[in-house]
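K.L.:
Before anything else, here's the structure in question.
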Amino acid sequence: MDHHHHNHNKYHYEKLPWTLVPMHPVSDDPIAAPIDPGIPQRSFTEKDFEGHRAHTVYVGVHVPARRSHRRRKHLPKDLGDKNSQDSQERPVTPPAQRVQFILGEDANGEDGINQPPLESHPLFSEMEELVKDGDEIEWKETARWVKFEEDVEEGGNRWSKPHVATLSLHSLFELRNLLLTGTVMLDMEATSLEQVADLVTENMTNNGLLGYETKLKVKEALLRRHRHQHEKDPKKVKSEVNMSRLPIIRSLADIGKNHSTAKNQTTHQQPLISPSSTSQILRNVSSSDFQGHDHHRINFNFMRKIPPGAEASNILVGEVDFLTKTLSAFIRLNSAAIMGDLTEVPVPTRFIFVLLGPAGSQATFHEIGRSMATLMSDEVFHEVAYRARKRDHLLAGVDEFLDAVTVLPPGEWDPSIRIEPPTVIPSQEIRKRPPEKQPKKEEPDDEEEEQKLREESGLSRSGRLFGGLINDLKRKKPFYLSDFKDGVNLQSVASWIFLYFACLSPIITFGGLLSEATGKNMAAMESLVSGFVCGIAYGFFSGQPLTILGSTGPVLVFETIVYEFCDLTKWDYMTFRFWIGTWITIILFILVAIDASAFVCYITRFTEENFATLIAFIFIYKAVENVFAIAKKIPIGECICQPPGGFMNASMRRVEEFKAFNETTCSEANGTMVGDCFSSAYASPIFQTSFILFTGTFLISTILKDFKNLLFFPANVRQVISDFAVIIAIFSMSILDYFMNVPTPKLDVPSEFKPTLPDRGWIIPPFHEKNPIYSCFLAIIPALLGTILIFMDQQITAVIVNRKENKLKKGCGYHLDLFILAILIQVCTVLGIPWFVAATVLSINHVNSLKIESETAAPGEKPQFLGVREQRLTHIMIFLTIGCSVKLTPLLSHIPMPVLFGVFLYMGAASLKGLQFYDRLLIMLMPLKYQPDYMFLRQVPIKRVHLFTLIQLTCLVCLWLIKSFQATSILFPLMLVVMIGVRKSLDCVFTRRELKILDDIMPEMTKRSDDDLHQLEDGNGGGEVGFYKKFITCCIGEKVEKQLVKRKADTVHS
C-alpha cells in the first residue's frame, strides 16, 4: 500500500460514524483498512496468534496458509526478523488473564482511546435463518436464549423445553476463525436495520469483500422480512404485508440488477438510479418505522420472561445462491435501538452477528449461529463483548470460553439428548476476577469470621448491663414498621390459617393433659387464654416473631412434679406456683442483664439438630399413637357410652367408667352411645374412618405442598395451592367426614370464658393459709430447674429459626426475646395460666410456610431460595384467632381429631427436611453407589461421617429415654447442657475441618497445628491419625502440650 493511498483511507474512515476495527488482529493502526480474508495467500505473523496458540487447538478448521517468499520480500528483512524475535521472546498471556484485564480496564483503554466502556445489560439472543417459503424468502426465528436455549421443534409448531446448549468444538473453532478473519465493527452509529445493512455492506465493499452488484443482493437479503414463532398465521400476515408494499417475488440472484439503495455517504461510487422509487421495496418491513405497522405482532406474553433493562443480540445466518465464499460480520451498536420486526419482543438491539455463505452450508452455519448465541448468553463473554475495544478482545473472550468448557466424549453420550438446566448455577465471578494473592494465613481467619457473625447476631458479650438487650432494640427498631407491611401478603394468610389449626389442637390437647396433671387448676380454657395473651404480646414486641410460642412436654412434666409435691405436702398448688414463676422471672431478668444469651453460641448444629429431630419424632410418634388410641377407646363392633367432650379429651379411667354404662345410665350421665349400637346392617366403623381421615390429611398436605414443583397450571396457581396445602387437606377431610356421617372424635373447644374450677379467679393470691412463709424462698430450687428448662427450650428453638440457611435479613433478638418471655411468664403466673415457650416444630413449620423463592423469569431457570418473609402479622393473627376460638366453637366442633393428628404427622415429617443429621441417618442405610452427592460426602471420608452420625444418634437415643420415663424426664433440660459438653469433647476425635463441614465451629476453641488442619489429606481416615495426641491436647491444653514437646525436644538435642 503506497503512502498516498494510506493517507486517503485514513481521512475517509475518520469521517465514518463508527470505529472500524482493523482486520489485522494486532495492528498498531486502529483505523487500518481490513484485508480480504478470501485471498488464499494471506499470511499471518507470529503476533497474529499471540495469546491464542498455547490455549487453542484447531480441530477440523482451515488454518490460513503462511506467507509466501514472493510476498515476504516486500517487508524489510530487519523488521521481519525483529517481529519474529519479539514474538518468541515475549511470554504468552493466558486468555483468562487477558479477559480479567479487559474487564478490569478503566476508561482509558490500552489503545489510548479515552472512551468509557459500555454499560452491560442482560441479553436476549435470537437466532434467525434465511428460508424460502413459497416464492418469498424471509428470515425465520429458529432459536432463542434468555439464559438457556430454546429451539423451534422441527415436527411441531412450538418451542422446545429450555435446555443447556451443547456445542461442537468444531463450530466454536469455526466461529473463532470468523471473528479472526471476518468483519468486526464496534460502536456503530445506527438506529435502524437499513442503516446497519448500508454500513456493513459499504465496509465490505471498501475492503474488497463484495462487488457492487453482490453488495446490493447482500443488503436486500439482510432487509428481508422477519417471521417469528409466535406469529401463528404467517399466510395471513403475508397477505396483509403484501397489501401495503410492492410484491417481492424473485430470486435473490436477480436482486440489485435494476435498482440501488446506496446511501449518499462520502464514497466514490454514485447510485445508478435514484433510490426513491425502490426505497419502500428495499426497506421491506424491517425499517425503524415498522413499529407503526400492526401486522407485526409483538410477543408481549414472552416479554414477561425478559429481565428488566435487557438488550437484544440478533444472530442472522443463511445460505444464498449469489455468494461463493462465506461472509461474516460482528456488529456492536454504540446505542441500542429497536430494529422494527428484527426481534420478537420490543427489546433494543445491541449486537448483530451476520453469517452468509454459499449453498450447502446451512447445517454448519446453524451450529455456528448457536455457538455465537451461546457465547453471548455466557456471563463472562457477555461482559467482554460490551467492553471490547478491538478484535483481539473478542478473540480473548472466545479463548477464555474454550478454556472453561467441558467436553463430553462422543462415544459416551447422545448429542440429541437435551440437558436439563441445573438447579443452582455456579458463580462465574472467579472467571472475571483474578484470585487474590494473599499470604497464606492460619485457621484463625475462620474463627474471626465466626466471631464477626456472632457479634452481628448479638451473641457476643457487650460488657455492660443490659447491653445485649439495648443492641437488640437498636437492631430491630429500623424494621419494626416493615414487619407489619411485609405481612400483607397472600402467603401470610395461608401461613396464618395453617398455623392456627396447628397451634389450636396442641393447646386443647395440652389443656386436657394439664387438667389431669393439676387437678383441673389449669385446663383447656386456661391454655387458650395463655395462648391469646402470650402470642399477641410476643408478636408485637419480640425480637424474632417467626418463633411460635406453645406448650411443650417438659413444661407439662414440670407442672406435674410441682403439683404432686404440693399434693403431698398439702400446700396450695397455685400459690406455690406463683412464687416459682416469680423467681423464674427474676432469674431470667438477671440472665438478660448479664448477656447470658451470648452462651447460645455454644449450641451448634450438633445440639440443635438433635433437639429438633427429637421433637419431630415425638410429633410423629404421638400422632400415630393418638390415632390407634381411638381403637383402644372405641373397640370395633361394640356399642359403648362416650363421655361428655369425647373420648380424646377424657382419661382412660373415665373412658372405662363410661364403658360400663348402658343406654339409660349413659343418657343420665350426659354421655352418648356410639359404635355398633344398631342390630341393623349399619355398623359404625369409627377407627377405620379415623385412620382414613388421618392418612388422607397427611398425604394431601404432603402432595399439595410440593405442587409448586409440578408442571400443571401456571406458576401463580401452583404457588397458591402449595401455600394453602394444609388448609385444603383439613377442609376436604372434614367435608368427607361430614358426608360419611360417622361419629368420629371431634375437636372440643370450651364455649364459655371462665376458669375451669368454679372456686378460683383469674388473679392468683401470693399468699395462702396452707402455705408456710418459707415456701416463698423454697420455691427458688424448682425455679432454677424451671429456668434451665425454659432457657434451653427457648434458645435452641431460636437458634434453629435464626440459622444462616434461612437467610434472615432483619437480624436476631435473643436478649429481647428472653426479656419479653420473662415478662410473659410473670403475667401467666399472676393469672394462673400455663407458661408458653418457643415450640420447635411449630416454629420450623412457620418458617417453612413463609419461605420466598425467586420468580422464574427466564425459561428453564429454577427458582432460587431467597429467604423468609420476616413479619409479625402471622404471629399476631394466629393467637388473636386462638383467643376468639371460644366464639367459634359451633364451627370448630365439626373438625375431626384424626384430621388434626394428620396435620401433626405432616408437621413432624416436614420439620425433618433440611436437617443434615436426618440426611446422614438415611445415608447409613444406603449402598455407597446410591448415596446422594452431598457436599459433606465430597470433603469428609464416609467412615468419619458415619462415626459422627453414630455419636449423634447415641445422644438422641439417650434424650428419648430420659424424656420417656417420668422419673427422669425432669432432667431433660440438663441433658441438653450435657450434650453441649459432648459436642465440645468431639474436638478430641475429629479435625477442625471435619467439624466445620459436619457441624459448626464452637467459640474459644484451641488453635490446631498445621498438621492437624491438613490431617484429612494425610490418609487413614483423617482424624484417626494422631488421636492420642489430640486427646492429650484437648485435655491438658495446647500450651502445656507444646511446652512438654519442647522440653522433650531440648532433652533429645542435649
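Cβ atoms are placed via backbone N, Cα and C, with glycine included.
Marked as compositional bias 'Basic and acidic residues' by TrEMBL: 76-89, 429-443. Taken from TrEMBL, the feature domain 'Band 3 cytoplasmic' applies to 121-415. The region 'Disordered' annotation in TrEMBL covers 62-97, 418-458. Residues annotated as transmembrane segment in TrEMBL: 493-515, 522-541, 578-600, 682-700, 720-740, 772-792, 813-837, 895-915, 945-962, 968-986.
Tell me about the surroundings of these features in the structure.
P.N.:
Nonlocal intrachain contacts for the transmembrane segment (493-515), taken as residues 6+ away from its ends with a CB within less than 8 angstroms of a stretch CB, comprise 522-528, 531, 535, 548, 550-551, 556, 559, 648-649, 720, 723-724, 726-727, 730, 747-749, 756, 834, 839, 842, 845-846, 849-850, 873-874, 877-879, 881-882, 885, 892, 895, 897, 900, 903-904, 907.
Non-local neighbours of the transmembrane segment (578-600) in the same chain are 454, 458-462, 465-469, 562, 764-766, 775-776, 779-780, 782-784, 786-787, 790-791, 795, 798-799, 814-815, 818-819, 821-823, 825-826, 828-830, 832, 835; each lies 6+ residues outside the stretch with a CB under 8 Å from one of its CB atoms.
Long-range contacts of the transmembrane segment (720-740) within its own chain (CB-CB distance under 8 A, at least 6 residues past either end) are made by residues 490-491, 494-495, 497-498, 501-502, 689, 693, 696-698, 700-701, 703-708, 713, 849, 894-896, 899-900, 902-903, 906.
The list of residues near the transmembrane segment (772-792) in space but at least 6 beyond its ends in sequence, with Cβ under 8 angstroms from a Cβ of it, reads 554-555, 558, 561-562, 571, 575-576, 579-584, 587-588, 591, 596, 766, 818, 821, 825, 835, 837, 970, 972-974, 976-977.
Outside the transmembrane segment (813-837), and at least 6 residues removed from its termini, the chain residues within Cβ reach (under 8 Å) are 457-459, 466, 468-469, 471-473, 475-476, 510-511, 514, 521-522, 526-527, 529-531, 533-535, 537-538, 541-544, 547, 549-552, 555, 559, 574, 577-578, 580-582, 584-585, 588-589, 591-592, 595, 597, 600, 755, 760, 762-764, 790-791, 793-795, 797-798.
Long-range Cβ contacts of the transmembrane segment (895-915) within its own chain (Cβ-Cβ under 8 Å, at least 6 residues beyond either end) map to 501-502, 505-506, 609, 612-613, 615-620, 622-624, 626-627, 630, 646, 648, 689-691, 693-698, 701-702, 705, 726, 729-730, 733-734, 737, 744-747, 805, 840-842, 844-845, 848.
Long-range neighbours of the transmembrane segment (945-962) within the same chain, counting only residues 6 or more positions beyond its ends whose Cβ lies under 8 Å from a Cβ of the stretch, are 606, 609-611, 613-614, 617, 917, 920-921, 923-924, 936-937, 968-969, 971-972, 975-976, 979, 982, 986, 989-990, 994, 998-999.
Within its own chain, the transmembrane segment (968-986) is flanked in space by residues 553-554, 557-558, 561, 602-604, 606-607, 610-611, 785, 788-789, 791-793, 796, 948, 951, 955, 958-959, 961-962, 995, 999, 1002, 1034, which lie at least six positions past its ends and keep a Cβ under 8 Å from the stretch.
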K.L.:
Across the domain 'Band 3 cytoplasmic' (121-415), what is the average pLDDT of the model, as a whole number?
P.N.:
77
